[in-house]
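Quick notes on the structure that follows.
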Amino acid sequence: MPAYRSRTTTHGRNMAGARGLWRATGMKDSDFGKPIIAVVNSFTQFVPGHVHLKDLGQLVAREIEAAGGVAKEFNTIAVDDGIAMGHDGMLYSLPSREIIADSVEYMVNAHCADAMVCISNCDKITPGMLMAALRLNIPAVFVSGGPMEAGKVVLHGKTHALDLVDAMVAAADDKVSDEDVQIIERSACPTCGSCSGMFTANSMNCLTEALGLSLPGNGSTLATHADRKRLFVEAGHLIVDLARRYYEQEDERVLPRNIATKQAFENAMALDIAMGGSTNTVLHILAAAYEGEIDFTMDDIDRLSRKVPCLSKVAPAKADVHMEDVHRAGGIMSILGELDKGGLINRDCPTVHAETLGDAIDRWDITRTSSDTVRKFFRAAPGGIPTQVAFSQEARWDELDTDRENGVIRSVEHPFSKDGGLAVLKGNIALDGCIVKTAGVDESILKFSGPARVFESQDAAVKGILANEIKAGDVVVIRYEGPKGGPGMQEMLYPTSYLKSKGLGKACALITDGRFSGGTSGLSIGHVSPEAANGGTIGLVREGDMIDIDIPNRTISLRVDEAELAARRTEQDAKGWKPVEQRKRRVTTALKAYAAFATSADRGAVRDLGDR
């Protein structure tokens with residue numbers, strides 16, 4: 001029987017000093033011997049997705065204590081990608097994922113915690129904590145802060161549902177008045193919570209449901225709704241049960257690596273493809289699999305993308321649909337339910353809350369459940385009142401959206417498209433692959449060819465787009481923005497938003513070794529691997545070269561013959577794989593350390609220390 005890890009610091013004469021320190025935190029004689037549960041919070045006043053988490057760690061802690069455990073809370077950092085967007089702050093976003101994973105490992109291992117509840121929400125926090133959970137492999141439950149309500153605004157007599165991206169696009173559109181921009185800005189992000197579309201934060205929180213590490217509703221229940229409190233309460237009780245099952249009953253099935261198996265990762269990726277999740281999820285899923293020593297690669301993603309259809313389109317792919325609408329249609333368990341009906345998931349994978357994912361779907365899919373409680377849960381609606389307070393409203397939809405032919409969630413017989421919402425492309429410009437969110441690509445440009453317009457940084461591309469240098473039919477190439485070349489692999493939300501504001505969202509393509517915000521739509525192809533800084537072919541593209549993109553056939557090619565590419569490579573080797581001109585970018589010691597070990601995106605941009 002495995003001993004509680006915490007006994008290392010709580011038992012034995014020689015641990016008198018450690019016990020003295022534990023007593024100073026409030027522990028009593030009766031607490032020594034109970035499981036010590038780390039409550040891994042990520043509260044910060046910088047991020048709307050985390051601003052309401054301050055008291056939620058203690059809510060979970062009280063439930064842990066009530067269930068017979070000892071709760072100890074600490075915080076990780078949390079970067080707001082939206083606020084960090086469009087300037088050098090974005091260099092820090094992806095590297096923060098590794099810092100978060102490391103900080104969780106440091107705290108949990110230094111203090112010998114037995115298990116943990118991870119309170120995450122936004123873009124890099126859920127992935128960082130997920131990486132830590134699989135690295136540590138102790139009982140863990142995830143509960144996120146929940147999505148923001150969609151903004152609502154009346155413009156020129158018409159009601160619009162809004163999100164962050166609408167504010168960015170409007171601000172760059174000369175045809176939108178200053179007054180209207182102000183109205184949109186003030187309405188786009190009305191409440192606490194992760195931004196309201198199927199952006200990176202919400203995508204990742206949905207995927208934790210499919211991985212089996214969070215409770216049903218984790219990805220879709222609004223941050224403001226009273227129903228979300230139940231998830232935090234239940235997580236506190238559940239983690240104590242999981243800890244006891246492992247340490248007292250030798251039940252290894254409750255460990256993260258035995259829940260989030262390769263089959264579970266396939267389920268998560270199938271969900272991601274079906275719901276058109278953020279392309280960032282590919283990075284994070286690959287990184288989490290790496291930490292769990294799970295053989296899950298771009299080839300697996302490519303295989304799944306060829307057979308899983310697109311069953312849901314949410315903003316930015318469908319501007320008037322947000323997470324509150326997905327919840328009303330049954331949330332993630334109902335998307336998984338439709339995939340299950342099509343034989344596209346592994347039903348036998350265990351979860352933290354049910355014996356198998358199949359059992360969970362049978363109870364929580366609104367099209368098959370007999371539970372009135374479940375049906376009421378998914379009628380949780382937005383309150384429509386701006387607030388930064390969690391659980392502050394109890395609004396309900398009058399009825400659920402169970403329309404699987406024309407509703408927010410479709411059946412496999414009536415998909416938005418037979419091809420899924422994400423695709424892996426390969427070709428001479430991306431020998432190790434690249435990613436496109438097909439759910440956000442207009443059907444008219446699934447096949448596209450055009451001349452390259454080459455930029456050596458995001459800043460240069462933005463300047464060119466705003467100066468009207470880009471024309472319909474162009475392929476914008478932004479390079480040296482990968483994990484190593486950036487460093488930090490910046491998101492390209494501003495370039496894609498500005499293309500949309502110029503009316504080029506369906507008339508141009510953009511490819512990069514950087515990445516995209518979950519708010520990006522259009523023919524935006526990221527994660528080109530190998531990246532330019534690693535000698536990737538994207539570093540050999542020249543102004544005017546023709547690039548051919550064929551999403552149905554999963555190819556992307558630079559129309560330059562091999563002899564010419566070889567000559568260019570020899571020339572570039574001599575010059576060094578770096579931007580032609582010095583960029584006005586302060587690369588600090590912290591960023592240099594990340595760049596020194598960062599891999600290309602096809603490996604999840606994880607650190608390669610040469611030990612695997």
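For all residues, glycine too, the Cβ spot is worked out from N, Cα and C.
The Mg(2+) site in Swiss-Prot is built from ASP81, ASP123, LYS124 plus one of GLU491, GLU531, GLU543, namely GLU491. Excluding the listed site residues ASP81, ASP123, LYS124, GLU491, the same chain places VAL79, ALA84, MET90, SER93, LEU94, CYS122, THR200, ALA201, ASN280, SER517 with Cβ atoms within 8 Å of the centre of the Mg(2+) site Cβ atoms. Within the same chain, the residues at least 6 positions away from SER517 (active site, proton acceptor) whose Cβ sits under 8 Å from its Cβ are ASP81, GLY82, MET85, VAL165, PHE199, THR200, SER278, ASN280, GLU491, MET492, LEU493, THR496, listed in sequence order. Same-chain residues at least 6 positions away in sequence with a Cβ under 8 Å from that of CYS195 ([2Fe-2S] cluster binding site) are, in sequence order, PRO48, GLY49, GLY82, PRO147, MET148, ASP163, LEU164, CYS189, ALA201, ASN202, GLY518, GLY519. Sequence-distant neighbours of CYS122 ([2Fe-2S] cluster binding site) (same chain, 6+ residues apart, CB-CB distance under 8 A): SER42, VAL47, GLY49, HIS50, ALA78, VAL79, ASP80, ASP81, GLY145, SER194, THR200, ALA201.
Between the binding-site residues ASP81, ASP123, GLU491, the minimum number of other C-beta atoms within 10 Å of a residue's C-beta occurs at ASP81.
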